[in-house]
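Below are the features I grabbed from TrEMBL:
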type: TRANSMEM; residues: B:200-219; note: transmembrane segment
type: TRANSMEM; residues: B:270-289; note: transmembrane segment
type: TRANSMEM; residues: B:335-354; note: transmembrane segment
type: TRANSMEM; residues: B:361-388; note: transmembrane segment
type: TRANSMEM; residues: B:394-416; note: transmembrane segment
type: TRANSMEM; residues: B:437-461; note: transmembrane segment
type: TRANSMEM; residues: B:467-492; note: transmembrane segment
Amino acid sequence: MAEERRFFSASGVPIALRRRQHSASCRELAVRGPRLQLRSLSAATSAVWLAAYGLFALSENSMVLSAAIFITLIGLIIYLHFVKIDQESLLVIGSLGIQVTSSYASGKESTTFIEMGQVKDVVINEAIHMQKVIYYLCMLLQDPEDPQGVSEVVPLFQSTKPRLDCLIEVYKSCQEILEQSKTAPQSS
Amino acid sequence: MVLKVFFPSCCSSADSGILIGRWISEQNSAVILAVVHFPFIPVQVKQYLGEVQHMTKVSVSVLGSWSNSKQEKEESLSEFLEDLGTIFCHEPWIQISKEGDSKFWSCSTLQKHSKNPQEEEIILVYYDQRKVMLSHLHPPLETAGQRAEDASKLSAIFDTVARSQVLFMTDRYDEGPIKLTHWQSDGVEASIIVELLKQASVPACMLLTFLLSLVSGICRSRVLTFWPLSFLWSKLSTCEQLGHRLQHLQVISSNKKAQNQNQLMRKANIFVSLLIDVALGILLMSWLYRKNRIGHLADTLIPVADHVAEELQDLLQWLMGAPAGLKMNRALDQVLGRFFLYHIHLWISYIHLLSPFIEMILWYVGLSACLGLTVALCILSDIIALLTFHIYCFYVYGARLYCLKIYGLSSLWRLFRGKKWNVLRQRVDSCSYDLDQLFIGTLLFTILLFLLPTTALYYLVFTLLRLLVVIVQGLIHLLVDLIDSLPLYSLILRLCRSYRLAAGVKFRVLEQQDGKPLRLLMQINPLSYGGVVQTYRLPTYSCYPRDSWASLCKKLFLGELIYPWKHKGDKQN
């Protein structure tokens, strides 16, 4: 079953949280950010081309115009493929692990899977960023030598930056599954 | 607890039979390797599994039953399959059944000796057997002394499939008591070219080893290692590069098989790197020798050297006048300027002496570009060093003079204040000087102080020139280093067969149906390009800056000679 709710990100843009329960121990939580607006794309392109035309008027060199077109295309491709993240999702499979996926605007997906044995806990942390205090969800990874220690902190939903209300929903869903896998009898 | 069943996607359309694979009890997961079809004799199956276990050291056993009924569900077959559970006793006995062409299979377990007969959840994970078998997992951290139980669950699965290769050697066309279905059951693949190359590689390696031993014997002979020549070889970067490549060739041509993945990749990387290097070198050579470009190059070399010398002469004339409006000490200025001008004159006449032979020398030296692009670049760097040798000499003269002056000034400054450097205690102590000592000291101090701007200016100008040459040489060496250490084979593998280099796995949730087990698809998550370069970088004799910025500035200020690039084998001084 799937349900979608609207929230706001830390910088005020509207985001959507979609929860899907695939089975008793498998849940997928996806946070979708705003799509690329045509307005901002046209504004950026027009600005670059006006500047290039101004330079051309000054220097009478037509290479400036072709360079501007080239730069715009390459810049757009780089932006869509490496910078603009459309959706970040968390797939929690109890007893297997947690998978974090970021989907870019060009369709590229970058995935990391962390096994359940390495995950110590999922918590909400505070951070001081410039003049604000923001909340973020992070995964604590187990230190292999020290059972009480934390070897790494992996922050989640870094580019969509949901606010505390959205994070609480995600946190509750994750904890339900994590509790199941931690309290299930471990076979030695 | 949740039971995980790893099912190979190639067996999805197999006929009914029993499932064989490995049961990993610590993780409550079953890795299914193949399906054994009817008819079979249980004793023969057990014997076969015993043989496989002995050869691969993987505990392969019968895990359950698989029924693929294309028509209606056959009741008798399901009873028969349950009874099989008593023959091959395995806890838990897994039963997977597929009806018709449905995607959703039903999976159940039979636990005879379990204490809590609750319904445990089953997760069905599909995996591509061939890709998992060929892939190599790169763990993010390699901690020494990792125990077997700490090894990640995924590496256990990858390990199981990779080591069971002997199980996949039989296909359905073989005559035998056991009929298996796995990824190669439609016919074992092999490539004739690969087999031929393997056969040809052994004598080729032996020949190469013999040739290399000859070459290294010649290099180590007494003729080439006595003092002036050995000093020359150590200064020329071409010889270092050639020695490095010789080492690489020795690694490739050794007869021992690679023990593990890292060694195999290293050998492959060296081989591809050498091949590309030589190919680029031959390309460069063919470009140089076409249309007599070497002749043009030789013709322009002398005028360029002349031009550089003329520029230097102009520079010295400028320094001897009033450079940048500063007023120099006329006498010292003239002495230094004339000294350096005479030096340039000697250099010019030396170059002109060599000029008829330049074309021939260059022609033969250009031939060595066929040994590789890196060798050609090193030769270029050496030629630059030789052509700018006079700049190096001027820098040394200027630096020594300046250094002497600075030391003299600092010690006389201490005398001015009534102090002395105590060599024994390595510190500054107070000292009472005689009147005549003080008088001479003050006089000398004044002279040195007022001559300082002249010397300092000459030092500054020649140091800047020397640094320019050093930067150019450094860039060339950086390029050579890059070509040497780039793991091209690994990068091409990552591009074409990305499943071979795995950083991990990723799961995709397939369509679900209520009441049926959770279906996941396990795919290989390939290593990023940066990770590939970092893991498989070839070690080089890299030159890197010896001094930090602070100590470099200090040395420049004091006038000590700087050798900015340190090679790995150099002694620390």
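Using the three backbone atoms N, Cα and C, a Cβ is placed for every residue, glycine included.
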Which residues of the chain, 6 or more past the ends of the transmembrane segment (B:467-492), have a CB below 8 A from one of its CBs?
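Beyond its ends, the transmembrane segment (B:467-492) has Cβ neighbours at 237, 241, 244, 265, 268-269, 271-273, 276-277, 373-374, 377-378, 380-381, 384-385, 388, 391-392, 501, 529, 532-533, 535-540, 542-543, 564-565.
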State, in range form, which of B:270-289, B:335-354, B:394-416 has the highest count of Cβ pairs under 8 Å to the transmembrane segment (B:361-388).
B:270-289
So what's near the transmembrane segment (B:394-416) in sequence-distant terms, Cβ-Cβ under 8 Å and 6+ beyond its ends?
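For the transmembrane segment (B:394-416), the list is 339-340, 343, 428, 433, 437-438, 441-442, 444-445, 448-449, 451-452, 455-456, 458-459, 461-463, 465-466, 558-561.
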Excluding the flanking five residues on each side, which residues at least 6 beyond the ends of the transmembrane segment (B:335-354) place their CB within less than 8 Å of a CB in that stretch?
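The answer is 302, 305-306, 309, 312-313, 316-317, 319-320, 389-390, 393-394, 397, 454-455, 458.
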